[in-house]
Amino acid sequence: MNINKLKNSALINICKENADIVMFFILIFIKIMFYAKQISPEYLYIGVTHPVFASVLVLVSFSVLFRYNKRIKYLYILDIVISLMLMADLMYYRYFKDVITVASLKNVKLLGGVSSSIGSLFSIKDLLYLADIVILIPFVKKYKNKENIKKRPLLSKFAVFSIMFIAGVTINAKSVYAVSKEQPTLLSSMSNRIYLTKLIGNLNFHAIDAYNYVSTKVKNSKSLSSQEQQEIKSFLENNNNSSGTYLKGVGEGKNLIVIQVEALQQFVINKKVNGQEITPNLNKWLNKSLYFDNYFYQVAGGNTSDAEFMSNNSLYPAQSGAAYYSYSGNQYDSLAKELKDKNYYTAALHGYNEGFWNRNVMYKSEKFDDFYGEHSFNVNETVGLGLSDKSFLEQSVDKLKSFQQPYYSFLITLSSHFPYDDVEGYGNFNVGEYENTLLGNYLKGIHYTDEQLGMFLDKLDKEGITQNSVIVLYGDHFGIPRDNVEELYKFENMSNVNDLQWFQYQKVPLIIHFPEDANKGVNHTYSGQMDLYPTLANLFNLPKQYMFGKDILNSDNGKVLFRNGSFTDGNIFYVSWTNTYYDIKSGKQIEETDELARMKEKYNKELQYSDDILNHNLIKVFEANNKK
Ligand code: GP9
Ligand code: MN
């Protein structure tokens, strides 16, 4: 026998001996790639090949450690588990355009929508995921009975395992690292789970999700003493004990319509570009309303969902990630819940995937009666990310008309979403010298949404809804990211901008309209999204129990505390990342005084209290104690 022949037969022998491993590896790999294609038909396989290959390699590597008859069992079970998981993910995707997470499993009882329509979500083709499991039964049986042909030394088994395992982990780490570079908060916030799954594959997604879930649990496993709980409760009781009664109860019995507008910043208000108003409709509307011109967005890792979370609960965003994701199983004393207690019908409306930002789960926890997501709208026109604001708002009017009164409707727009590249969809608003820039496209997007809002508000008027409703409108967060902020400064004719000035651009408009254009005017109090719920609680006569914000209409002092520890009271501004204080009037830096140091400390504590509430589900505890 010559050397080549020898080599060949050795190779053939290795292949023969490991046919089971190779076969299951290929099968599992193909299934995960097939799933990837199903959730993103437009997607090229290339990007996800490495992480899928590597994650399968890691799982399959363990089989090497078993004896032949045991390892076939391991591989077979692995195949079954992964196949079932992919099928479940696929059905979840068909309904929610999302991937299953541990948190969503925990709330499975809340997910009425999917379970009732599982039949319609299932397609015969899905059985392909299980085909090999049936076909391979005889093969598995044969292998199970096969005695070990020759015993391999433990050391060699371990060496092969190590090589496979380390190779898999290394390739995986590379893909995960690339994601963390591209979008630093994506892995912890899990804001866009489909996108994340496209980048790192289904198995890695589930591994990271489980890790996030467990690590938060472990971090919070130490429970608070009753004294610590009491301290938080007292803080909250003192926080909103103002005796002010300005406009108290004026909204009682009226409908409440809240519109959260995507990426609407304040600098576009009453501003022109190329000789034309950017937001002519909102400008008109705010003249008939109560307009807050020092209102800041306070979002953190949860972006849009944080804006919703604060506005509906007056709790700070989660320390990391999105509260909508990590704390969706908590109990809340939300705006919807309190209005429901006053016999309001409550609904959230948003023309996008129900699962995005975990809304399908979170709205249940926030006690909305119904969530009208993408499935409840006819997606007959798309602009930007999905259903156009035009169509969304038109269809929403019809829904509002059908709601039992009084109602609380929470609407979230979509079209003016970053990167604002659907300029055709936005229409032909000429932004002059800003054509073909991010800022120019942003202005087009906002102008488009303003036009749709104008039509929506007109329609509400015609339908007689305005007369009987308090209508609130605000922006969710910045539109111009830090990377492009120079474009904004140029537009505003600013140069050498410092952190204080940057912060002054982090305002969003808040507009509250009352029937008959009552109570119109401008309120300059320094305030933010944390303050909406307490302010509405005053207008609608709701209890103010567990709120960190303030009722803007009845407080003399401004206060905005940001998740990163920065804060302002309208006179000074503290920028946490440089540990610097500014005097707002003079724009100059000032030294830290004892009082400022105390303030900083106090606010850190406040953020900690809010975290404690989330981490230990304290509203549930407080409410249970109240009932005793
Ligand atoms: C989509 C949307 C976008 O549902 O609300 O969220 P964002 O990316 O702006 O946080
Ligand atoms: Mn948003």
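Glycine is treated like the rest: Cβ placed from N, Cα and C.
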According to TrEMBL, which candidate in Thr216, Thr304, Thr437, Thr525 joins Glu262, Asp476, His477 at the Mn(2+) site: Thr304
Near-site residues: Mn(2+), ref Glu262, Thr304, Asp476, His477, CB cutoff 8 A to centroid: Gln260, Val261, Ala263, Leu264, Tyr297, Val299, Asn303, Ala307, Ile412, Gly475
Arithmetic mean of per-residue pLDDT over the domain 'Sulfatase N-terminal' (254-541): 96
Protein Cβ atoms within 10 Å of Glu262 (Mn(2+) binding site), excluding its own: 23
Pairwise CA distance, His477 (Mn(2+) binding site) versus His417 (substrate binding site), rounded so that it is a whole Å: 11
Remote residues contacting the transmembrane segment (43-62) - C-beta distance under 8 A, at least 6 residues beyond either end: 21, 24-25, 28-29, 32-33, 36-37, 74-75, 78, 82, 161, 164-165, 167-172, 174-176, 198-204, 207
Separation of alpha carbons, His417 (substrate binding site) and Glu262 (Mn(2+) binding site) (Å): 6
Three-state secondary structure, Thr304 (Mn(2+) binding site) (per DSSP): helix
